[in-house]
Amino acid sequence: MPYFYRAPGPQAHPVPKDARTTHSSGQSFEQLRQECLQRGTLFEDADFPASNSSLFYSERPQVPFVRGHIWNSPHPLLAHNENCDLCFHFAGDCWLLAAIASLTLNQKALARVVPQDQSFGPGYAGIFHFQFWQHSEWLDVVIDDRLPTFRDRLVFLHSADHNEFWSALLEKAYAKGHGGTSPGVMQRPIQNKENAAESEARTPFGLIKGHAYTVTGTDQVNFRGQKIELIRVRNPWGQVEWNGSWSDSSPEWRSVGPAEQKRLCHTALDDGEFWMAFKDFKAHFDKVEICNLTPDALEEDAVHKWEVTVHQGSWVRGSTAGGCRNFLDTFWTNPQIKLSLTEKDEGQEQCSFLVALMQKDRRKLKRFGANMLTIGYAIYQCPDKDEHLNKDFFRYHASQARSKTFINLREVSDRFKLPPGDYILIPSTFEPHQEADFCLRIFSEKKAITRDMDGNVDIDLPEPQKPTPPDQETEEEQRFRALFEQVAGEDMEVTAEELEYVLNAVLQKKKDIKFKKLSPISCKNIISLMDTSGNGKLEFDEFKVFWDKLKQWINLFLRFDADKSGTMSTYELRTALKAAGFQLSSHLLQLIVLRYADEELQLDFDDFLNCLVRLENASRVFQALSTKNKEFIHLNINEFINLTMNI
């Protein structure tokens, strides 16, 4: 199937709207549910089968799956008084538990993630859906309610109330969206409680090493004439609590008045929730992760301070996977985003902005051996030109700012302050030739303008030269006329087969380029480009024009054969094509590399020639059709097929 291209470009942070359906059928949750109700069947999700293949990347004992409605009297999917008593029976990563516990503290966000249009009551069809904010868009993930069990108990995440299934179904939907439970949602095989407990050691202060907690609030308390900063923390498992200063039974509370204790809900905290001094929090916890839910992710009319722009892109081996600045020969081929900072911060001389680079879908690809790549970015002062910067620019110019480090994390983010002006932001992997999709977000206090420098297409082809009159031909042209007459015969026209013989005979004598052999199809493409009469043959004057063009292309090939190997690296292709009159987008370059390059990312001259012939042919046809508008053409199906058959 041909590649169908939709320009990525910069995107303003989108306002909330219906989530994009992700089911392979293209049907929405409601369409799938109605289909099941009409058939009288329960939904079975073929995209995420109820089998071990959805749970593990390696062989495990078979795990039975049971539907949620089989348990006695299941509750409505999500009660409004949800207190988030969640736990794992056998195995699991507590970070997911902590994240869901945090989500329940924001009812608006929870209602968006867990839609209220579903239940085990009327309209039940064994199908549920959940929505996730991923890569700056809402995704609607549909699942069936078959849940994995072990010894008649849910294997993974579940509510403390055994008749509530929203958390288990939410985890299943999250796992489906990330390619299975093993990569992040579940990383340990089913094991007994004793083994699970041993993996996380309890400290003398009642905290569990390597465990994820949820921060539920901060406050100050009057204590013996001083203001003490407190932080409220929750262990999502709800069984083990902090026993140090300001814990539930600590002596510090005796010096706090009843009104202050009531205000801080000292005696009404949920099981597993506790206060601790902020200084103790800093001493006992190593890392805090904050999810910045931008207001426009949930509300259309929210007033927010930061402007957000999103770029979706890819590092593709052979065209845009250039690696970091250590690899100068390929670094310049990375995606380049122009950032224009136009307004200073209030009362400041500089502009604040934050850059967040995220590599996409690495967990989903883990089953295919993909790991997190080492990623980062650099920011350069933009010269007074509006084009993709070449290798020489980076040879002589240092970056103005960069990510603090290149690291193998899902997302790398840093905050910067730079003077107003134009900058080029280059996201990259550390090593070249590594492939991944990425999402680049730029947050700015004031309005910033961004533009993808790799999406421009500009064709600048010279007018074809007029043929030289016979009496003014050079000695070389006279020799070619003699050869042409010998091959063409009396009609002085060559067919594709005859052109193949002539060109192969000439090009195989050139020792400084690697040349396999032009095929009949290649020669037909050449005739399609040069044939002005439309008879499928080349006259001598048409052949002379092509020969001049061919000599220019040979010189271009030799010029960009950097190592004099007789081949051209695909990373030099962008510059070589631009020198030939073709400024192409990164997506077009990627398609050319896929079609013409070998496994070593090299092009022989015949590949380069075929590429140029097809590019010029397509460009000439477009120019002929776009008489009124130089950027667009309108074709019916007959015209479109006719165009593609002539390229």
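Cβ atoms here come from the backbone N, Cα and C positions, even for glycine.
Per TrEMBL, the features are as follows:
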| type | residues | note |
| --- | --- | --- |
| ACT_SITE | Cys94 | active site |
| ACT_SITE | His211 | active site |
| ACT_SITE | Asn235 | active site |
| DOMAIN | 42-294 | domain 'Calpain catalytic' |
| DOMAIN | 548-583 | domain 'EF-hand' |
| REGION | 1-25 | region 'Disordered' |
| REGION | 455-476 | region 'Disordered' |
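On the backbone, the CA of Cys94 (active site) and the CA of Asn235 (active site) stand 9 Å apart. Taking only the Cα positions, the spacing between His211 (active site) and Asn235 (active site) is 9 angstrom. Note on the region 'Disordered' (455-476): DSSP counts are 5 helix, 2 strand, 15 coil.
In terms of DSSP helix, strand and coil, the domain 'EF-hand' (548-583) has 22 helix, 4 strand, 10 coil. For the domain 'EF-hand' (548-583), the model's average pLDDT works out to 90. A sphere of 10 angstroms centred on the C-beta of Cys94 (active site) encloses 21 other C-beta atoms. Spatially close to Asn235 (active site) yet at least six residues away along the chain are Ile208, His211, Tyr213, Glu241, Gly272, Glu273, Phe274, judged by Cβ distances under 8 angstroms.
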